[in-house]
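Listed in TrEMBL for this protein:
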- C183-C192: disulfide bond (DISULFID)
- 151-193: domain 'EGF-like' (DOMAIN)
- 306-347: domain 'EGF-like' (DOMAIN)
- 1-37: signal peptide (SIGNAL)
- 412-430: transmembrane segment (TRANSMEM)
Amino acid sequence: MFPDHCVMAVRGRSCKNMFTFIVLTLILFISLSEVDSKKTAAKCSVCKDIVENFQKGLLSTQKSNYGGGNTKWEEKSLGSYATSEVRLVEIMENLCNDGSKECHSVLEEYEELVERYWFKEFAQKKETDLYNYLCIEHMQVCCPNFTFGKDCSQCPGGNVRPCSGNGNCDGAGTRGGSGKCRCNSGYMGDLCNQCKDGYFEDYSNETHTLCKVCHISCKNTCSEEGPKGCDGCKDGWLENEELGCQDINECLEDPCNENQYCTNTQGSFTCFSCDGACVSCTGSGPDKCNECSPGFSMNETKFCFDNNECEADETLCKGENEVCKNTPGSYECRCKSGFTRTDNVCIRVAKETRSSKQPELPPNLAEHLKKTGSKRKDVSWDKFKDIPSVNGHFLVMALYGISCRFAASSNLAIFALSLLMVIHVVWFATNSR
Ligand SMILES: *[C@@H]1O[C@H](CO)[C@@H](O)[C@H](O)[C@H]1NC(C)=O
Ligand SMILES: *[C@@H]1O[C@H](CO)[C@@H](O)[C@H](O)[C@H]1NC(C)=O
Ligand SMILES: *[C@@H]1O[C@H](CO)[C@@H](O)[C@H](O)[C@H]1NC(C)=O
């Protein structure tokens, strides 16, 4: 199979390449044949659609007639409408009503066949099924139910319940496919009549197999339903002679941190954080504390409420112009409104310091405002409009917007535009001071 020099130098480089080549070729062939069988399956479904539309066409033309004229004469000389070419043409017009290219090309190729069916079979009152005639026998793109492949071979498990009714036969009904059973979940084997690990056989006879999923507590396999059926228990479950696998309540061993509480789950447990009012707790909320956090006190219903330090101790925050503000678990000394803390003393906020904190205006705008004598307060949009650099800025932004609209199909162009825009914005922000 391999050239001599290859067998001699199995470890050699050229042979590695040879193997790679063979493997790749095999993969290519397998994928090609897969594509091929998919194509066959697609052709079969196109043919099915055509047949379906043909039946619809038969129905919709059932009550039709030759339009107008002397129907009696026409029927005599042209034959009855029911089997006429006129009716066939009407039906043929709508055989590809979804407008797919594939359908039209198939129909073009097999138009004569449909006509032959019409005159030789349908008009002769033979009870030939169009699907069998067209798709299976003449176009040879479909197979009878439960058969597959070029020669319409039978699917595994016979043609009543192939794959034991627990899976699908690959390619069934088409001229493609491998005919292998693809089993539903829980089933395995060539005939899908065996149960996968994690499932047990609930019922079976010659033709039927029913697999059911094992109980959640089973480690791998089981022989029957429920926790008693397990062949072994999962972690977090304990074997019990009478009851089977039983959930272990890990919370009994206090596995969580001090400021957490534990919730048992099937086979495990979860730790949740206590409420901020608790140091330790038995559940969620400030009413499940074992012990309150500092700054909280417990009332008679075991509720940890926040102490109001400001009310309890009137000596707090007695600095000049200070006020006491209660917080969860504590308090803060703040300055009265209109005051700010400087060197740990509350000082009245000066008017000048206030305005100097506002963002600076661009020079053009500042100059403009100086000239017109306006104050910042009553700057309105109209005044902005007269300032060239602001106008330019908005113009550039608009240009970016428009460019992005047209560059919408190229990620690279959008990225470049965004970058330019960021540079522009930074430039504008730094240069306009
Ligand atoms: C084949 O299967 C289709 C749908 O599954 C069904 O409508 C049709 O009657 C079947 N044909 C035969 C011959 O069993
Ligand atoms: C097997 O079981 C199915 C489902 O219960 C039943 O319909 C079928 O008749 C049985 N077949 C035989 C051969 O007992
Ligand atoms: C304890 O405090 C909570 C929350 O303020 C309140 O709902 C509850 O009635 C209080 N219990 C008593 C006995 O005062």
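Just so it is clear, glycine is given a Cβ too, placed from its N, Cα and C backbone atoms.
No curator has checked TrEMBL annotations; they are predicted automatically.
In this structure, C183 is the one among the disulfide-bonded residues C183, C192 with the smallest number of other Cβ atoms inside 10 Å of its Cβ. Each residue in the domain 'EGF-like' (306-347) has a pLDDT score, and their mean in this model is 92.
Secondary structure at C192 (disulfide bond), as computed by DSSP, is coil.
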